[in-house]
Amino acid sequence: MRIGLFDSGIGGFTVLKKVIKLCPNNSFIYLADTARLPYGIKTTNEIKKIAEEISSWFRYQKIDAFLVACNTTNAIALDILKKNLDIPVFDLIGSAASTIQESRVGVLATPSTVKTKAYTNAILEFKPKTFVIEQPCPAFVPMIEMDNINSDDITDVATGYLQPLLKQKIHSLILGCSHYPLIAPSLRKVLPSSVKLIDPAEALSFKLKLFIDSKTSNYSKNKNFVDLKFYVTSNLKHFPNKAKHWLNVFPEVNLVSLQKKGWVS
């Protein structure tokens with residue numbers, strides 16, 4: 001099966017890694033819109049325009065399913081992606097919300113995602129009596145993309161972001177941006193051990209597996225097989241090294257422009 005997914009940068013690697021583990025023997029096309037990183041501080045209209053361009057590009061790739069590996073686009077433009085692609089679309093926010101069991105939930109997300117209250121609304125739809133508090137984290141994505149992950153700086157920033165949530169005595173914490181699982185160790189240093197970390201990619205991966213299983217009866221016996229194609233809109237030189245670091249693959253990466261019709265296939 002041919003599966004597409006995208007993010008503004010390397011955050012979607014956290015989704016791709018879990019999906020590959022649970023759903024091997026498929027082809028994956030990963031698009032990183034690095035030219036417009038980060039998405040989390042963009043306006044609603046900007047994100048909607050990006051969603052139009054991304055869905056148009058993926059239609060050209062003839063994929064069978066699509067994973068929204070960017071929470072900001074998920075929160076603002078999921079309807080656009082679903083309408084334009086006309087194939088099964090799997091999203092992080094809805095997937096995570098449907099699994100929540102705790103009564104007091106914190107969410108770390110980008111400013112644009114928090115502004116929509118997408119996580120709050122999705123969780124309350126499944127569990128109306130849940131207390132949800134969302135915290136915008138504008139500094140995280142730039143720090144992660146600059147590989148500033150294991151420093152005291154990011155722990156200090158995390159401490160500041162988490163304090164309002166800890167004061168509300170949350171039971172679980174949703175990592176509401178696909179970049180954030182990359183700094184889970186730093187977050188865990190600040191969080192009490194009783195607080196459960198929730199990566200939405202886990203629920204999304206499970207839903208994708210159910211879909212693939214329902215459509216595919218014959219799997220290759222080679223469980224290590226995976227076909228990966230990577231595309232970026234800028235920073236072509238550095239992206240293979242990032243893929244090697246986080247995914248343990250050193251792929252060929254193609255440069256594309258989402259504003260032009262002369263796409264690389």
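Cβ from N, Cα, C; glycine included.
Sequence-distant neighbours of CYS70 (active site, proton donor/acceptor) (same chain, 6+ residues apart, CB-CB distance under 8 A): PHE6, ASP7, SER8, GLY11, GLY12, TYR39, SER178. The active site, proton donor/acceptor annotation in Swiss-Prot covers CYS70 (among others).
The active site, proton donor/acceptor feature in Swiss-Prot is assigned to CYS177 (among others); the stated evidence is sequence analysis. Around CYS177 (active site, proton donor/acceptor), the C-beta neighbours below 8 angstroms that are at least 6 residues distant in the chain are GLY11, GLY40, ASN71, THR72, LEU108, ALA109, THR110, THR113, CYS137, PHE140, VAL141.
Residues annotated as substrate binding site in Swiss-Prot, with sequence analysis given as evidence: ASP7, SER8, TYR39, GLY40, ASN71, THR72.
The DSSP secondary structure for CYS177 (active site, proton donor/acceptor) is coil. Taking all protein chains in view, 33 other C-beta atoms sit within 10 angstroms of the C-beta of ASN71 (substrate binding site). Classification of ASN71 (substrate binding site) by DSSP places it within a helix.
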